[in-house]
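Accompanying notes for the structure given below.
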Amino acid sequence: MATKRKASALNAAVDDEPVDPSDELAFYCLGGGNEVGRSCHIIQYKGKTVMLDAGMHPAKEGFSALPFFDEFDLSTVDILLISHFHVDHSSALPYVLSKTNFKGRVFMTHATKAIYKWLIQDNVRVSNTASSSDQRTTLYTEHDHLSTLPLIETIDFNTTHTVNSIRITPFPAGHVLGAAMFLISIAGLNILFTGDYSREEDRHLIPAEVPKGIKIDVLITESTFGISTNPPRLEREAALMKSITGILNRGGRVLMPVFALGRAQELLLILDEYWETHPELQKIPIYYIGNTARRCMVVYQTYIGAMNDNIKRLFRQRMAEAEASGDKSASAGPWDFKFVRSLRSLERFDDVGGCVMLASPGMLQTGTSRELLERWAPNERNGVVMTGYSVEGTMAKQLLNEPEQIPAVMSRSAGGVSRRGLAGTDEEQKIMIPRRCTVDEISFAAHVDGVENRNFIEEVAAPVVILVHGEKHQMMRLKSKLLSLNADKAVKVKVYTPANCDEVRIPFRKDKIAKVVGKLAQVAPPSDQDDGRLMSGVLVQNGFDLSLMAPDDLREYAGLTTTTITCKQHITLSSASMDLIRWALEGTFGAIEELGSNERSKVKEESTKAVNGEQEIKEEPADEEIPMEETQTYLVMGCVLIRYHSRTREVELEWEGNMMNDGVADAVMAVLLTVESSPASVKQSAKLKHHHHHHSDLELPNPHAHQGPEETFENLLMMLEAQFGSNIAPIERPRIPSGIRANRTTKADPSVSAAVKTKSDAAGETPAESQEDESTEEIEAAELARLQALGIPYPGIEIKVDKHVARVWLENFEVECANTVLRDRVRVVIERAVETVSSMWGEGHPAARASNGTQGNKEVAVSKSNEIEARA
């Protein structure tokens, strides 16, 4: 019973051509698939492997926070690229370098490495001292982190580096200081990995831009916000200030959980600028607390050149103010805030009155921000303002739902004594803290929203898009939106949303392009009109780059030295003459070139020439003259030299060793080794002996004499198809002899033209055209009758080999072809076919028959033409 096919199966395009596994791009998602956190991806193409990011999940602990490293052999990774310093993108790097079999090279930007050093060091300390579990697994130590720092290599934006035939180019991503998008090129396939990126104009970062003049084949991009749209920047800044001032006006404290570096610096610029324009707020302090806050601010002051024009303008302005005041100790940098104070820890914090506190970490899992949350949450006058993205499973995400209580993880007594490990037992886990503070969310996360991300994807115009770094529902909404845009596109975009541990394989067949250099670059390339002209040279591959050059240029352009290997082979034949050898070689290779022989006169002439400018030396007469051996030399296919020594019947082959010449030499040796035993050679040898011995006039019987013209023609086609393929067809229309065409053009009777004019006008033809068509048909019919009387079934045969066409006229076996190589080859094959199959249409050699038996028949055709013209 027939089953109904799915519509997708009926509409799917069928591609029967198999795909080479090396032509497939493999994408493995070890983390960050359908989730935000522990970003880690693997791309493989043409035997090259690149790892993108190595982060940890902020909502998990121990090995569960790591990407799924066990699913992939990290020893095969060539390059590891870190997009930026955030923990969900870089904090697993010390584990990879110190605890796995990773052997590749690691790259990040200068600013990323500078901040990464302090950020990961602080993260290790906080994780080991403030944990929600008594049995926390230590993934790596501070020593592991510091010892692996020298393994990290730094690169600049907009610079291209080639590592193991992989080209990488970082571009500004606009997410945080040093954040980079990476363009990866492998064997001509361009892959753009955005990491976390932002296209929004802010106060200190350069927004991300599409790489100019580069065709992107695969785009790997974040999908953090899906298709959600953020309000304009000015509206969000106004809402932020309104929320903060509202909390302060009611006598409360403002807690802003942020990452120690990144958005915190942008928020500090906004607050410092607002406080400067509002004197009534200047009595309220702004605190920026964190173990690495002060040290990392030095990094921001160092890399002002990597920031946007706003920071550079502010830097020049404050430098001018400092010079004008004459006080060299005055603050002159854009990161020297007037109203922001840095705190190392809460030990020196006097928690009295209103304030604005920026504390890390941003997810409120542990650390200073969690301790302040537990301290301020019971007071309804206080407020929490969330400005970053909140990951699923974290306290920050739970707080957005405004729960009535929160679990106590960090706690301090009134005297400032710390109680550690509150969540270590079941009894301590029951301790809950009431939440009465307000919770506001105003997004300043430096991620593209739905509109910005979609516009960027459209501008890149990559045929393949892979979405990562996004919750499943956000990712699927963005995928649906992108697929809905395919209706107006000629080339449909493929969108992939792999989950963790998923593998995506995408076929890419890239054309191999070779760059012509050296002497060959000065030769004009062959045009379409050139008949089979080829450009030959040496193809050199360096990684995935191909260069075509002349052998003489190998040392200069490829750094290679060349060695020519001359091969020689000696074969001794018992009875074959050079005539038989040449006949056999021409039957296989077509026309061969004769280079001459070393006759004694030439040798004597060379020996009597003056030496070093001296006079000719007079030779003494010899007592006995030894006959000089004559050597005949021929060149086969322009590469194999054959020397035949007639006295010893030794054949010497010499050629320059390479793949092409070796094949030709093998074929020549195969012909020579069978020349004395093959049936065709025996027949030819008997014919040659018969011509030389005139005492025997007995003719050999023709085994094909009983064949008719049609059978003979079929045998001829069979032999031609064996040599040139099946694209052979008979020619139906004969050639009109040149003598008949001349008579038709020179003899023209005006009275006949006038008589025919009235008939041709009715038919819509001119008299000359009508008369010419009728006479041509009758002449062709007479020519066909003449050929059939000779036993020739068709005027000729047309042979097509690739784009070349050869025509063989069977009356005299004349070959017409624009390509000289094919013409000579067809001529030799026709002669061998005639001699092997039968005597064709008459007795004797084809050329002799054409000259002896054609003249009378042509005279009959000419007289027939004259008769037609007279009758007309």
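Placement of Cβ uses the backbone N, Cα and C atoms for every residue, glycine included.
These figures come from a predicted structure and were not determined experimentally.
According to Swiss-Prot, the protein has these features:
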ACT_SITE  His447  active site, proton donor
BINDING   His84, His86, His175, Asp196  Zn(2+) 1 binding site
BINDING   Asp88, His89, Asp196, His469  Zn(2+) 2 binding site
COMPBIAS  686-695  compositional bias 'Basic residues'
REGION    682-706  region 'Disordered'
REGION    741-777  region 'Disordered'
REGION    844-872  region 'Disordered'
Cα-to-Cα gap, Asp196 (Zn(2+) 1 binding site) vs His89 (Zn(2+) 2 binding site), nearest whole Å: 9
Pairwise Cα distance for His469 (Zn(2+) 2 binding site)/His175 (Zn(2+) 1 binding site) [Å, integer]: 14
Rounded Cα-Cα span from the residue listed as 'active site, proton donor' to His175 (Zn(2+) 1 binding site), Å: 7
Cα distance (Å, whole number) from His447 (active site, proton donor) to His86 (Zn(2+) 1 binding site): 13
Close in space, distant in sequence - His84 (Zn(2+) 1 binding site), Cβ under 8 Å, 6 or more apart: Ser90, Thr112, Ala173, His175, Val176, Gly178, Ala179, Ala180, Gly195, Asp196
Conformational class of His84 (Zn(2+) 1 binding site) under the three-state DSSP mapping: coil
Cα-to-Cα gap, His89 (Zn(2+) 2 binding site) vs the residue listed as 'active site, proton donor', nearest whole Å: 14
C-alpha spacing of His447 (active site, proton donor) relative to Asp88 (Zn(2+) 2 binding site), in angstrom: 14
Spatial neighbours, same chain, of the residue listed as 'active site, proton donor' - Cβ under 8 Å, 6+ residues apart: His175, Asp196, Tyr197, Ser198, Glu222, Thr224, Phe225, Tyr389
Other CB atoms, at most 10 A from the CB of Asp196 (Zn(2+) 1 binding site): 29
